[in-house]
């Protein structure tokens, strides 16, 4: 019975579910009702589970305690006797013993415990004095607010208040810095906006908007379209309306009455403010000069009144063509807009965010928002201009200027009189020159001369080096030839002739430091000689007179030979069949470290040569003979199913043993969250990375010791 009770409590508390299993909970209650000993044993097991370092285990154990507390007087007596410890384990009233992770489960445990303690006090507070005292202790001493949804303790509230004060202080300081930056940069931003507006006025010198509030170019076209059908004032009327009659007044169409306005609007867009001034000028001119219908038609380029004029305003907005006239203005506007987009607008947006977080800089916030709207409006205006780049004008101008500069660099020199750069073959005898040799003979003779010249120069260079074999041979020849100049020459024997031929074929190796110290075990070079310190006080206790330098010693014993051949990349692959059914993709030159010598194989990984196929079959048979039949995984599974004993069949097919989780349903506390800090720590504090850093630092220290070995600071170490 005790084993069954322990198993039930273990399964219920380690399930990791928010609600308890009703069937298992029913069995647990039935066991607890059987005797008081079983109830006491269940209480001890639950207290043990409440001390576990996992909030989900404590939450499930508390739910069991709540179920048993409301049903058993004996269980209430046991719990009230250890009520303080119970509160510390469920509510975290002791700041030195906070609730364990995970945080969400700990928060749910605290809320459930708070509601349960309040309900227990209302129902059983009068009967159990310790329960009422515990509730009073929580409410008045620990200052626990039972109406608080988050169920925070005094220490937690204090920590959150301090954290909020710290954040408010940071936001205030950030807003103060933004205020100072705004005061410093406001004039610069306004100057930049003024430059952009002036550039726009130079590019489009017409007033598009009737009121200063509307600043978008898109509204200009709509206003112009709306203005086109409006009737003109009497001062701008046609001669017929002014009282001048003609023979063609009856045939004049209605649109001819607006010829002045139509001609004024052809090919451009005119603002509404300019119309009254134009009308006043025209009326004053009409008063001074007599009006004539023919003069009116001729002045406006019209032949007669028999046709109509339709003025179409493009609906797609403006289009500014880039040319040589507005190139400088466009460059200035682009520079200012680039400064706005890359510097001013992000800075102003950051000001708005800082002032919003602080919440106390309403005036500065409004000013920053207005400034942001002006900057965005300037960028939108530039987009609505639809600037079309010039078609090759700039490139042609620059190319022309570059060609002129290049032509100025050359100085014209007159040709030399009588100079012939090439003498014909039939005139070479006339100039006293030898006839030109054939091309093949000339090339062959030139190649032979060059080869002889290189051989002679190489011999002279070798003879000039006293350490070379050629110089030694030359010295020996001088010594042998000087005592007997008149002696007859002795023919060399066959062995000497063979040696001379081998010497002639032997390659010439340049003399290096390794040949100088070849075969010597005790090298004098590569050692640092330390002199004894003559100071009275700064003197090391033990001085090594000679210190070997590993770097220099390695140079004296080794030689770097450059590979003179050509590198041929590996084109073939191993293509051996892997256990997962795929082919090996390693591109080793001769031997694969996993599958041995690389041999030609087909698409299925089988060897193409019969000898290789037979050899692999023999190796496979040897491996099968070395592995006993009773260790076959399928056979072991059948035996396990028959006997019920674990023979390790599940581990036989795997490389590693693996560790099974004890409670897989619980949240793994050792699993770290995938944050940026965790990923950086994994890379920075990796074993290989730490070893590389240590090796680099040791190498730096060794170099300092070798370089400053005579200084007392390094001599004492």
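Using the three backbone atoms N, Cα and C, a Cβ is placed for every residue, glycine included.
Feature annotation from Swiss-Prot assigns phosphoserine to 284 (among others).
The feature compositional bias 'Acidic residues' is assigned by Swiss-Prot to 285-294 (among others).
Residues annotated as phosphoserine in Swiss-Prot, with similarity to another entry given as evidence: 291 (among others).
What Swiss-Prot records for 400-412 (among others) is compositional bias 'Acidic residues'.
What Swiss-Prot lists as phosphoserine is 403 (among others).
The ubiquitin cross-link annotation in Swiss-Prot covers 416.
Sequence annotations record features per position, and here Swiss-Prot assigns compositional bias 'Polar residues' to 479-489.
Counting only residues at least six positions away in the same chain, the Cβ atoms of 574, 576, 584 sit under 8 Å from the Cβ of residue 595 (Zn(2+) binding site). According to Swiss-Prot, the Zn(2+) binding site annotation covers 574, 584, 592, 595, on the basis of sequence analysis.
The compositional bias 'Basic and acidic residues' annotation in Swiss-Prot covers 599-618. Applying DSSP to the compositional bias 'Basic and acidic residues' (599-618) sorts its residues as follows: 9 helix, 2 strand, 9 coil.
Taken from Swiss-Prot, the feature compositional bias 'Basic residues' applies to 652-664.
Residue 584 (Zn(2+) binding site) falls outside any helix or strand according to DSSP and counts as coil. Listed in sequence order, 574, 576, 584, 586, 598 are the same-chain residues at least 6 apart in sequence whose CB falls under 8 Å from the CB of residue 592 (Zn(2+) binding site). Apart from 574, 584, 592, 595, the residues listed for Zn(2+), the same chain places the Cβ atoms of 573, 575, 576, 586, 588, 594, 596, 598 within 8 Å of the centroid of those Cβ atoms. Fewest Cβ neighbours within 10 Å among the binding-site residues 574, 584: that distinction goes to 584.
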